[in-house]
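Taken verbatim from TrEMBL:
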DOMAIN    4-243  domain 'Starch synthase catalytic'
BINDING   Lys17  ADP-alpha-D-glucose binding site
DOMAIN    301-426  domain 'Glycosyl transferase family 1'
Amino acid sequence: MPLRVLSVASEAVPFVKTGGLADVVGALPGAVAPHGVEITTLLPGYPSVLARLPRQRVVHEWDDLLGEPARLLAGMLGDAPLIVLDAPGLFDRPGTPYADAEGQDWGDNWRRFAALSRAAAEVACGAMLVRGKPRRFDVLHSHDWQAGLAPAYLRWAMSDSVPPMPSVMTIHNMAFQGWYGGDVFTSLGLRGEAWSIDGVEYHGGVSLLKAGLVAASAVTTVSPTYAREICAPEFGRGLEGVVAARGGAVTGILNGIDSAVWNPETDDALARQFNARSLERRTVNKRALEAEFGLDASADARGGGPLFIVISRLTWQKGMDVLLETLDHLVETGGRLAVLGSGDAGLEAGFQAAAARHPGRIAVRIGYDEDLSHRMQGGGDAILVPSRFEPCGLTQLYGLAYGCVPVVARTGGLADTVIDANPAALAAGVATGIQHGAVTRDNLAGALTTAATLYRQPEEWARMQKNGMACDFSWRVSGRAYAELYRSLIS
Ligand SMILES: Nc1ncnc2c1ncn2[C@@H]1O[C@H](COP(=O)(O)OP(=O)(O)O[C@H]2O[C@H](CO)[C@@H](O)[C@H](O)[C@H]2O)[C@@H](O)[C@H]1O
(Lines of atoms letter the chains of each structure in order from A; the text may use other names.)
(Lines give C-alpha, C1' and ligand atoms only; values in the text may rest on other atoms or scores of the structure.)
Protein backbone atom coordinates (compact mmCIF):
# COMPACT_ATOMS: atom_id res chain seq x y z
CA MET A 1 0.00 0.00 0.00
CA PRO A 2 1.42 3.43 -0.84
CA LEU A 3 2.26 5.95 1.84
CA ARG A 4 -0.59 8.47 1.88
CA VAL A 5 0.25 12.16 2.09
CA LEU A 6 -2.21 15.05 2.13
CA SER A 7 -0.59 18.11 0.50
CA VAL A 8 -2.35 21.45 1.15
CA ALA A 9 -1.64 24.71 -0.64
CA SER A 10 -3.36 27.77 -2.04
CA GLU A 11 -2.26 27.12 -5.66
CA ALA A 12 -1.40 24.24 -7.98
CA VAL A 13 -0.87 23.97 -11.71
CA PRO A 14 -3.00 23.48 -13.81
CA PHE A 15 -5.85 24.80 -11.62
CA VAL A 16 -4.59 28.12 -10.30
CA LYS A 17 -1.17 29.79 -10.47
CA THR A 18 0.27 33.13 -9.43
CA GLY A 19 3.88 31.94 -9.05
CA GLY A 20 6.35 29.12 -8.61
CA LEU A 21 4.45 27.62 -5.65
CA ALA A 22 1.82 26.37 -8.10
CA ASP A 23 4.40 24.64 -10.31
CA VAL A 24 5.86 22.76 -7.36
CA VAL A 25 2.58 21.76 -5.70
CA GLY A 26 1.23 20.61 -9.06
CA ALA A 27 4.30 18.51 -9.85
CA LEU A 28 4.85 16.96 -6.42
CA PRO A 29 2.33 14.08 -6.70
CA GLY A 30 3.93 12.86 -9.93
CA ALA A 31 7.42 13.32 -8.45
CA VAL A 32 6.85 11.06 -5.44
CA ALA A 33 4.58 8.48 -7.07
CA PRO A 34 7.53 6.37 -8.37
CA HIS A 35 8.73 6.15 -4.76
CA GLY A 36 5.59 4.55 -3.38
CA VAL A 37 3.90 7.73 -2.15
CA GLU A 38 0.38 8.79 -3.09
CA ILE A 39 -0.22 12.52 -2.64
CA THR A 40 -3.76 13.84 -2.40
CA THR A 41 -3.77 17.62 -2.97
CA LEU A 42 -6.20 19.94 -1.15
CA LEU A 43 -6.94 23.30 -2.82
CA PRO A 44 -9.39 26.14 -2.12
CA GLY A 45 -12.49 26.17 -4.32
CA TYR A 46 -11.75 29.38 -6.24
CA PRO A 47 -14.00 29.83 -9.31
CA SER A 48 -11.09 28.81 -11.60
CA VAL A 49 -10.67 25.55 -9.69
CA LEU A 50 -14.37 24.64 -9.54
CA ALA A 51 -14.70 25.35 -13.26
CA ARG A 52 -12.16 22.59 -13.93
CA LEU A 53 -13.98 19.93 -11.90
CA PRO A 54 -16.01 17.98 -14.45
CA ARG A 55 -18.55 16.72 -11.91
CA GLN A 56 -18.92 17.77 -8.35
CA ARG A 57 -18.72 14.66 -6.17
CA VAL A 58 -19.13 15.65 -2.52
CA VAL A 59 -16.93 13.65 -0.13
CA HIS A 60 -17.38 15.59 3.10
CA GLU A 61 -19.41 18.51 4.50
CA TRP A 62 -19.11 21.02 7.33
CA ASP A 63 -22.02 23.08 8.69
CA ASP A 64 -19.59 25.49 10.27
CA LEU A 65 -15.95 25.73 9.19
CA LEU A 66 -14.61 28.96 10.71
CA GLY A 67 -18.16 30.28 10.49
CA GLU A 68 -18.97 29.11 6.96
CA PRO A 69 -20.76 26.13 5.49
CA ALA A 70 -18.29 24.15 3.38
CA ARG A 71 -17.91 20.90 1.51
CA LEU A 72 -15.16 18.87 -0.08
CA LEU A 73 -15.36 17.91 -3.73
CA ALA A 74 -13.27 15.13 -5.27
CA GLY A 75 -11.34 15.43 -8.52
CA MET A 76 -8.02 14.53 -10.10
CA LEU A 77 -4.72 16.39 -10.48
CA GLY A 78 -3.13 14.49 -13.33
CA ASP A 79 -3.09 10.86 -12.14
CA ALA A 80 -3.32 11.80 -8.46
CA PRO A 81 -6.33 12.50 -6.22
CA LEU A 82 -7.45 16.08 -5.67
CA ILE A 83 -9.89 17.45 -3.11
CA VAL A 84 -11.30 20.95 -3.29
CA LEU A 85 -12.67 22.99 -0.39
CA ASP A 86 -15.87 24.50 -1.71
CA ALA A 87 -16.78 27.31 0.69
CA PRO A 88 -18.41 30.04 -1.43
CA GLY A 89 -18.39 32.57 1.44
CA LEU A 90 -14.60 32.35 1.46
CA PHE A 91 -13.43 31.51 -2.03
CA ASP A 92 -16.11 32.39 -4.59
CA ARG A 93 -14.67 35.82 -5.41
CA PRO A 94 -13.21 37.61 -8.44
CA GLY A 95 -9.58 38.78 -8.52
CA THR A 96 -6.53 36.72 -7.57
CA PRO A 97 -6.47 34.07 -4.84
CA TYR A 98 -5.35 36.74 -2.37
CA ALA A 99 -6.61 40.11 -3.55
CA ASP A 100 -9.51 41.86 -5.23
CA ALA A 101 -9.47 43.26 -8.76
CA GLU A 102 -7.79 46.45 -7.46
CA GLY A 103 -4.96 44.41 -5.93
CA GLN A 104 -6.11 44.95 -2.31
CA ASP A 105 -5.59 41.87 -0.13
CA TRP A 106 -8.88 40.46 1.11
CA GLY A 107 -9.30 41.61 4.72
CA ASP A 108 -10.38 38.14 5.84
CA ASN A 109 -7.45 36.21 4.34
CA TRP A 110 -6.61 34.90 7.81
CA ARG A 111 -10.06 33.29 8.02
CA ARG A 112 -10.01 31.98 4.43
CA PHE A 113 -6.70 30.22 4.92
CA ALA A 114 -7.39 29.18 8.50
CA ALA A 115 -10.45 27.37 7.11
CA LEU A 116 -8.29 25.67 4.46
CA SER A 117 -5.79 24.63 7.15
CA ARG A 118 -8.46 23.42 9.57
CA ALA A 119 -10.03 21.35 6.80
CA ALA A 120 -6.60 19.89 5.99
CA ALA A 121 -5.94 18.88 9.59
CA GLU A 122 -9.36 17.24 9.96
CA VAL A 123 -9.12 15.43 6.64
CA ALA A 124 -5.59 14.20 7.37
CA CYS A 125 -6.88 12.72 10.64
CA GLY A 126 -9.70 10.83 8.93
CA ALA A 127 -12.69 13.18 8.55
CA MET A 128 -13.28 12.07 4.96
CA LEU A 129 -14.91 8.75 4.19
CA VAL A 130 -13.62 6.66 1.31
CA ARG A 131 -15.85 3.70 0.44
CA GLY A 132 -17.68 4.23 3.72
CA LYS A 133 -14.53 4.16 5.88
CA PRO A 134 -12.58 7.08 7.39
CA ARG A 135 -9.48 7.72 5.26
CA ARG A 136 -6.58 8.59 7.57
CA PHE A 137 -3.42 9.92 5.94
CA ASP A 138 0.15 9.11 7.01
CA VAL A 139 1.60 12.64 6.71
CA LEU A 140 0.22 16.16 6.26
CA HIS A 141 2.33 18.45 4.04
CA SER A 142 1.68 22.23 4.18
CA HIS A 143 3.04 24.80 1.74
CA ASP A 144 3.70 28.44 2.64
CA TRP A 145 1.79 30.71 5.04
CA GLN A 146 -1.59 29.98 3.54
CA ALA A 147 -1.37 26.41 4.85
CA GLY A 148 0.80 27.23 7.86
CA LEU A 149 -1.96 26.77 10.41
CA ALA A 150 -2.56 23.13 9.41
CA PRO A 151 0.24 21.72 11.60
CA ALA A 152 -0.96 24.07 14.38
CA TYR A 153 -4.46 22.61 14.16
CA LEU A 154 -2.97 19.12 14.41
CA ARG A 155 -1.14 20.14 17.54
CA TRP A 156 -3.57 22.50 19.28
CA ALA A 157 -7.05 21.60 18.11
CA MET A 158 -7.44 17.83 17.75
CA SER A 159 -8.98 15.86 20.61
CA ASP A 160 -6.69 13.65 22.70
CA SER A 161 -8.24 10.53 21.20
CA VAL A 162 -6.82 11.36 17.74
CA PRO A 163 -3.41 9.70 17.24
CA PRO A 164 -0.58 12.13 16.43
CA MET A 165 -0.14 12.99 12.75
CA PRO A 166 3.35 13.82 11.40
CA SER A 167 3.55 16.99 9.33
CA VAL A 168 5.91 18.81 6.97
CA MET A 169 5.97 22.58 6.49
CA THR A 170 7.62 23.77 3.26
CA ILE A 171 8.73 27.39 2.93
CA HIS A 172 8.60 28.57 -0.69
CA ASN A 173 9.12 32.18 0.30
CA MET A 174 9.99 33.46 3.79
CA ALA A 175 9.04 37.01 2.83
CA PHE A 176 5.33 36.22 3.06
CA GLN A 177 4.49 35.41 6.67
CA GLY A 178 0.72 35.86 6.91
CA TRP A 179 0.70 38.22 9.92
CA TYR A 180 -2.63 39.36 11.44
CA GLY A 181 -3.61 41.24 14.58
CA GLY A 182 -3.90 39.35 17.87
CA ASP A 183 -7.70 39.77 17.89
CA VAL A 184 -8.06 37.02 15.29
CA PHE A 185 -6.64 34.39 17.65
CA THR A 186 -9.90 33.64 19.47
CA SER A 187 -11.67 33.02 16.17
CA LEU A 188 -9.14 30.42 15.02
CA GLY A 189 -10.42 27.68 17.35
CA LEU A 190 -6.98 26.77 18.70
CA ARG A 191 -6.47 25.86 22.36
CA GLY A 192 -5.31 28.77 24.53
CA GLU A 193 -1.81 27.30 24.93
CA ALA A 194 -1.15 28.07 21.25
CA TRP A 195 -1.04 31.77 22.16
CA SER A 196 2.59 31.85 23.22
CA ILE A 197 6.06 32.63 21.98
CA ASP A 198 6.43 28.91 21.27
CA GLY A 199 3.09 28.91 19.47
CA VAL A 200 1.40 31.05 16.84
CA GLU A 201 1.95 34.39 18.61
CA TYR A 202 4.34 36.74 16.81
CA HIS A 203 4.92 40.38 17.78
CA GLY A 204 1.54 40.59 19.47
CA GLY A 205 -0.28 39.11 16.51
CA VAL A 206 -0.60 35.77 14.75
CA SER A 207 1.78 34.64 12.00
CA LEU A 208 0.39 31.80 9.96
CA LEU A 209 3.85 30.89 8.65
CA LYS A 210 5.37 30.88 12.11
CA ALA A 211 2.54 28.60 13.27
CA GLY A 212 3.67 26.02 10.74
CA LEU A 213 7.36 26.47 11.50
CA VAL A 214 6.93 25.75 15.20
CA ALA A 215 4.25 23.08 14.98
CA ALA A 216 5.36 20.91 12.04
CA SER A 217 7.39 17.75 12.62
CA ALA A 218 9.81 18.78 9.85
CA VAL A 219 10.46 22.01 7.99
CA THR A 220 11.81 22.16 4.46
CA THR A 221 12.63 24.90 2.05
CA VAL A 222 13.30 24.70 -1.64
CA SER A 223 17.10 24.80 -1.86
CA PRO A 224 20.00 23.90 0.46
CA THR A 225 21.50 27.41 0.28
CA TYR A 226 18.21 29.12 1.20
CA ALA A 227 17.85 26.66 4.12
CA ARG A 228 21.11 28.11 5.47
CA GLU A 229 20.35 31.70 4.51
CA ILE A 230 17.06 31.87 6.45
CA CYS A 231 18.93 31.34 9.71
CA ALA A 232 20.24 34.92 9.26
CA PRO A 233 18.12 38.10 9.69
CA GLU A 234 18.55 39.31 6.09
CA PHE A 235 16.71 36.26 4.73
CA GLY A 236 14.81 35.06 7.81
CA ARG A 237 12.90 38.34 7.95
CA GLY A 238 12.46 38.15 11.71
CA LEU A 239 11.78 34.41 11.79
CA GLU A 240 15.48 33.45 11.69
CA GLY A 241 15.46 32.58 15.38
CA VAL A 242 12.44 30.32 14.95
CA VAL A 243 14.13 28.55 12.03
CA ALA A 244 17.44 28.22 13.86
CA ALA A 245 15.64 26.81 16.91
CA ARG A 246 14.31 23.96 14.77
CA GLY A 247 17.95 23.01 14.05
CA GLY A 248 18.28 19.77 12.12
CA ALA A 249 14.51 19.61 11.51
CA VAL A 250 15.05 22.19 8.72
CA THR A 251 16.38 20.91 5.38
CA GLY A 252 16.59 22.15 1.80
CA ILE A 253 15.18 20.06 -1.05
CA LEU A 254 15.76 21.61 -4.44
CA ASN A 255 12.71 22.10 -6.66
CA GLY A 256 12.54 20.10 -9.85
CA ILE A 257 11.01 21.04 -13.15
CA ASP A 258 8.23 19.17 -14.85
CA SER A 259 10.02 17.79 -17.88
CA ALA A 260 6.76 16.83 -19.56
CA VAL A 261 5.89 20.54 -19.70
CA TRP A 262 9.39 22.05 -20.03
CA ASN A 263 11.15 20.10 -22.76
CA PRO A 264 12.35 21.91 -25.91
CA GLU A 265 12.18 18.69 -27.93
CA THR A 266 8.44 18.33 -27.43
CA ASP A 267 7.27 21.86 -26.56
CA ASP A 268 4.28 22.73 -28.78
CA ALA A 269 4.54 26.42 -27.88
CA LEU A 270 7.79 26.71 -29.88
CA ALA A 271 7.96 27.66 -33.55
CA ARG A 272 10.80 25.12 -33.84
CA GLN A 273 11.57 22.31 -31.40
CA PHE A 274 15.22 21.54 -30.73
CA ASN A 275 17.71 19.72 -28.52
CA ALA A 276 21.36 20.14 -27.57
CA ARG A 277 22.46 18.62 -30.91
CA SER A 278 20.32 20.98 -32.98
CA LEU A 279 20.88 24.32 -31.28
CA GLU A 280 20.93 26.06 -34.65
CA ARG A 281 17.15 25.51 -34.79
CA ARG A 282 16.77 27.99 -31.94
CA THR A 283 17.35 30.75 -34.50
CA VAL A 284 13.84 30.22 -35.86
CA ASN A 285 12.46 30.79 -32.36
CA LYS A 286 14.67 33.83 -31.89
CA ARG A 287 13.46 35.46 -35.10
CA ALA A 288 9.86 34.72 -34.09
CA LEU A 289 10.48 36.26 -30.68
CA GLU A 290 12.04 39.39 -32.17
CA ALA A 291 9.03 39.78 -34.45
CA GLU A 292 6.58 39.20 -31.60
CA PHE A 293 8.25 41.85 -29.42
CA GLY A 294 9.10 44.25 -32.25
CA LEU A 295 12.84 43.98 -31.56
CA ASP A 296 15.50 44.91 -34.10
CA ALA A 297 16.32 41.63 -35.88
CA SER A 298 19.50 42.86 -37.57
CA ALA A 299 21.49 42.98 -34.32
CA ASP A 300 23.05 39.51 -34.70
CA ALA A 301 24.30 40.28 -38.20
CA ARG A 302 25.92 43.46 -36.84
CA GLY A 303 27.83 41.56 -34.15
CA GLY A 304 25.41 42.61 -31.44
CA GLY A 305 25.12 41.15 -27.95
CA PRO A 306 22.67 38.63 -26.53
CA LEU A 307 18.90 38.84 -26.63
CA PHE A 308 18.17 38.84 -22.91
CA ILE A 309 14.80 37.85 -21.49
CA VAL A 310 13.07 38.38 -18.15
CA ILE A 311 10.03 36.35 -17.03
CA SER A 312 9.17 37.49 -13.56
CA ARG A 313 7.02 39.15 -11.01
CA LEU A 314 8.17 42.78 -11.26
CA THR A 315 9.11 43.28 -7.61
CA TRP A 316 11.89 44.30 -5.26
CA GLN A 317 12.63 40.62 -4.42
CA LYS A 318 13.42 39.98 -8.06
CA GLY A 319 15.86 42.94 -8.25
CA MET A 320 13.84 44.55 -11.01
CA ASP A 321 14.57 48.08 -9.72
CA VAL A 322 18.32 47.46 -10.12
CA LEU A 323 17.83 45.94 -13.55
CA LEU A 324 15.99 49.11 -14.60
CA GLU A 325 19.07 51.12 -13.59
CA THR A 326 21.34 48.99 -15.80
CA LEU A 327 19.24 49.01 -18.97
CA ASP A 328 21.22 51.79 -20.64
CA HIS A 329 24.36 49.73 -20.05
CA LEU A 330 22.64 46.63 -21.45
CA VAL A 331 21.87 48.51 -24.65
CA GLU A 332 25.37 50.06 -24.82
CA THR A 333 26.97 46.59 -24.74
CA GLY A 334 24.89 45.65 -27.78
CA GLY A 335 22.21 43.68 -25.92
CA ARG A 336 18.49 43.62 -26.39
CA LEU A 337 15.84 42.76 -23.81
CA ALA A 338 12.34 41.25 -23.86
CA VAL A 339 10.44 41.46 -20.56
CA LEU A 340 7.30 39.52 -19.59
CA GLY A 341 5.88 40.25 -16.18
CA SER A 342 3.63 42.18 -13.91
CA GLY A 343 3.79 43.52 -10.40
CA ASP A 344 4.59 46.87 -8.83
CA ALA A 345 3.02 49.70 -10.80
CA GLY A 346 6.19 51.81 -10.55
CA LEU A 347 8.36 49.04 -11.99
CA GLU A 348 5.87 48.30 -14.76
CA ALA A 349 5.94 51.98 -15.72
CA GLY A 350 9.75 52.00 -15.49
CA PHE A 351 10.11 49.16 -18.01
CA GLN A 352 7.57 50.76 -20.31
CA ALA A 353 9.51 54.02 -20.21
CA ALA A 354 12.78 52.16 -20.95
CA ALA A 355 11.12 50.47 -23.94
CA ALA A 356 10.00 53.87 -25.23
CA ARG A 357 13.56 55.20 -24.80
CA HIS A 358 15.12 52.25 -26.63
CA PRO A 359 12.74 51.19 -29.40
CA GLY A 360 13.84 47.99 -31.11
CA ARG A 361 16.22 47.21 -28.25
CA ILE A 362 13.95 46.88 -25.22
CA ALA A 363 10.37 45.61 -25.33
CA VAL A 364 7.94 44.83 -22.55
CA ARG A 365 4.81 42.77 -22.22
CA ILE A 366 2.94 43.53 -18.99
CA GLY A 367 0.80 40.56 -17.99
CA TYR A 368 0.91 36.85 -17.48
CA ASP A 369 1.28 34.51 -20.47
CA GLU A 370 2.36 30.91 -20.00
CA ASP A 371 2.82 30.11 -23.72
CA LEU A 372 4.81 33.27 -24.33
CA SER A 373 7.10 32.34 -21.44
CA HIS A 374 7.92 29.09 -23.29
CA ARG A 375 8.57 30.93 -26.55
CA MET A 376 10.90 33.32 -24.74
CA GLN A 377 12.94 30.51 -23.16
CA GLY A 378 13.13 28.82 -26.57
CA GLY A 379 14.28 31.92 -28.46
CA GLY A 380 16.13 34.14 -25.97
CA ASP A 381 19.91 33.89 -25.59
CA ALA A 382 20.09 34.54 -21.86
CA ILE A 383 17.63 34.88 -18.98
CA LEU A 384 18.24 37.51 -16.30
CA VAL A 385 17.37 36.63 -12.68
CA PRO A 386 18.94 39.33 -10.49
CA SER A 387 16.97 38.39 -7.35
CA ARG A 388 17.90 39.84 -3.95
CA PHE A 389 16.79 36.51 -2.52
CA GLU A 390 15.51 33.43 -4.31
CA PRO A 391 14.39 30.39 -2.32
CA CYS A 392 14.88 28.22 -5.41
CA GLY A 393 13.82 29.92 -8.62
CA LEU A 394 12.35 28.04 -11.54
CA THR A 395 12.93 30.31 -14.52
CA GLN A 396 16.71 29.74 -14.43
CA LEU A 397 16.03 25.99 -14.47
CA TYR A 398 13.76 26.38 -17.49
CA GLY A 399 16.50 28.51 -19.07
CA LEU A 400 19.09 25.77 -18.49
CA ALA A 401 16.80 23.19 -20.09
CA TYR A 402 16.17 25.45 -23.13
CA GLY A 403 19.71 26.65 -23.86
CA CYS A 404 18.79 30.12 -22.61
CA VAL A 405 21.86 30.87 -20.49
CA PRO A 406 21.01 32.06 -16.95
CA VAL A 407 22.59 35.26 -15.64
CA VAL A 408 21.75 35.19 -11.94
CA ALA A 409 22.50 36.61 -8.51
CA ARG A 410 24.52 34.32 -6.26
CA THR A 411 21.80 33.59 -3.73
CA GLY A 412 19.49 30.74 -2.66
CA GLY A 413 18.61 28.23 -5.33
CA LEU A 414 20.24 30.37 -8.01
CA ALA A 415 23.61 29.73 -6.34
CA ASP A 416 22.82 26.01 -6.14
CA THR A 417 21.81 25.47 -9.77
CA VAL A 418 24.02 27.66 -11.98
CA ILE A 419 27.76 27.08 -12.47
CA ASP A 420 29.39 30.47 -12.90
CA ALA A 421 31.53 31.10 -15.97
CA ASN A 422 34.61 32.05 -13.93
CA PRO A 423 38.03 31.36 -15.51
CA ALA A 424 38.38 27.99 -13.76
CA ALA A 425 34.93 26.77 -14.81
CA LEU A 426 35.46 27.99 -18.37
CA ALA A 427 38.86 26.26 -18.53
CA ALA A 428 37.31 23.05 -17.22
CA GLY A 429 34.41 23.44 -19.68
CA VAL A 430 31.73 23.13 -17.00
CA ALA A 431 30.12 26.60 -16.84
CA THR A 432 26.34 26.78 -17.32
CA GLY A 433 25.71 30.49 -16.73
CA ILE A 434 26.89 33.69 -15.12
CA GLN A 435 26.58 34.61 -11.44
CA HIS A 436 27.04 38.00 -9.82
CA GLY A 437 27.34 39.02 -6.18
CA ALA A 438 25.12 41.43 -4.23
CA VAL A 439 22.41 42.95 -6.41
CA THR A 440 23.91 46.34 -7.24
CA ARG A 441 24.04 48.25 -10.47
CA ASP A 442 27.79 47.67 -10.83
CA ASN A 443 27.60 43.93 -10.24
CA LEU A 444 24.71 43.48 -12.63
CA ALA A 445 26.39 45.66 -15.25
CA GLY A 446 29.52 43.53 -14.87
CA ALA A 447 27.53 40.36 -15.43
CA LEU A 448 25.90 41.86 -18.54
CA THR A 449 29.33 42.74 -19.92
CA THR A 450 30.57 39.20 -19.24
CA ALA A 451 27.52 37.81 -21.01
CA ALA A 452 28.12 40.04 -24.03
CA THR A 453 31.80 39.03 -24.17
CA LEU A 454 31.06 35.31 -23.97
CA TYR A 455 28.23 35.62 -26.49
CA ARG A 456 30.74 36.94 -29.01
CA GLN A 457 32.73 33.70 -28.60
CA PRO A 458 30.21 31.34 -30.22
CA GLU A 459 31.99 28.13 -29.24
CA GLU A 460 32.21 29.14 -25.60
CA TRP A 461 28.56 30.20 -25.61
CA ALA A 462 27.38 26.96 -27.23
CA ARG A 463 29.38 25.01 -24.66
CA MET A 464 27.53 26.78 -21.84
CA GLN A 465 24.19 26.12 -23.54
CA LYS A 466 24.97 22.42 -23.94
CA ASN A 467 26.28 22.10 -20.38
CA GLY A 468 23.03 23.61 -19.10
CA MET A 469 20.90 21.35 -21.26
CA ALA A 470 22.78 18.32 -19.96
CA CYS A 471 21.88 19.17 -16.32
CA ASP A 472 19.17 17.03 -14.79
CA PHE A 473 16.87 19.26 -12.76
CA SER A 474 13.89 16.97 -13.25
CA TRP A 475 11.98 15.81 -10.18
CA ARG A 476 13.79 12.46 -10.22
CA VAL A 477 16.18 13.31 -7.39
CA SER A 478 13.96 15.62 -5.35
CA GLY A 479 10.94 13.31 -5.59
CA ARG A 480 12.99 10.66 -3.85
CA ALA A 481 14.14 13.16 -1.20
CA TYR A 482 10.53 14.09 -0.30
CA ALA A 483 9.54 10.40 -0.20
CA GLU A 484 12.43 9.65 2.14
CA LEU A 485 11.49 12.57 4.37
CA TYR A 486 7.86 11.38 4.63
CA ARG A 487 9.04 7.84 5.48
CA SER A 488 11.46 9.12 8.13
CA LEU A 489 8.54 10.82 9.90
CA ILE A 490 6.38 7.73 10.25
CA SER A 491 9.10 5.28 11.23
N1 LIG B 1 4.35 37.13 -16.44
C2 LIG B 1 4.50 35.81 -16.45
N3 LIG B 1 3.97 35.08 -17.44
C4 LIG B 1 4.11 33.73 -17.45
N5 LIG B 1 4.75 33.04 -16.48
C6 LIG B 1 5.29 33.74 -15.48
C7 LIG B 1 5.21 35.15 -15.41
N8 LIG B 1 5.84 35.57 -14.29
C9 LIG B 1 6.31 34.46 -13.69
N10 LIG B 1 5.97 33.35 -14.40
C11 LIG B 1 6.22 31.95 -14.04
O12 LIG B 1 5.93 31.83 -12.64
C13 LIG B 1 6.90 30.97 -12.04
C14 LIG B 1 7.74 31.79 -11.09
O15 LIG B 1 8.43 30.92 -10.28
P16 LIG B 1 9.74 31.31 -9.47
O17 LIG B 1 10.18 30.07 -8.80
O18 LIG B 1 10.72 31.89 -10.41
O19 LIG B 1 9.32 32.46 -8.47
P20 LIG B 1 8.20 32.76 -7.32
O21 LIG B 1 8.79 33.90 -6.60
O22 LIG B 1 6.88 32.91 -7.92
O23 LIG B 1 8.17 31.45 -6.43
C24 LIG B 1 8.51 31.17 -5.04
O25 LIG B 1 8.29 29.75 -4.92
C26 LIG B 1 9.06 29.00 -5.86
C27 LIG B 1 8.64 27.54 -5.70
O28 LIG B 1 9.17 26.94 -4.59
C29 LIG B 1 10.54 29.20 -5.66
O30 LIG B 1 11.23 28.55 -6.72
C31 LIG B 1 10.88 30.69 -5.68
O32 LIG B 1 12.24 30.89 -5.38
C33 LIG B 1 9.97 31.45 -4.71
O34 LIG B 1 10.23 32.83 -4.70
C35 LIG B 1 7.70 30.37 -13.18
O36 LIG B 1 7.06 29.21 -13.62
C37 LIG B 1 7.62 31.47 -14.26
O38 LIG B 1 7.84 30.98 -15.55
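Glycine is treated like the rest: Cβ placed from N, Cα and C.
Around the Cβ of the residue listed as 'ADP-alpha-D-glucose binding site', 18 further Cβ atoms fall within 10 Å across all displayed protein chains. Per DSSP, the domain 'Glycosyl transferase family 1' (301-426) is made up of 52 helix, 31 strand, 43 coil. Taken residue by residue with DSSP, the residue listed as 'ADP-alpha-D-glucose binding site' is part of neither helix nor strand, so it is coil. Mean model confidence for the domain 'Glycosyl transferase family 1' (301-426) is a pLDDT of 97.
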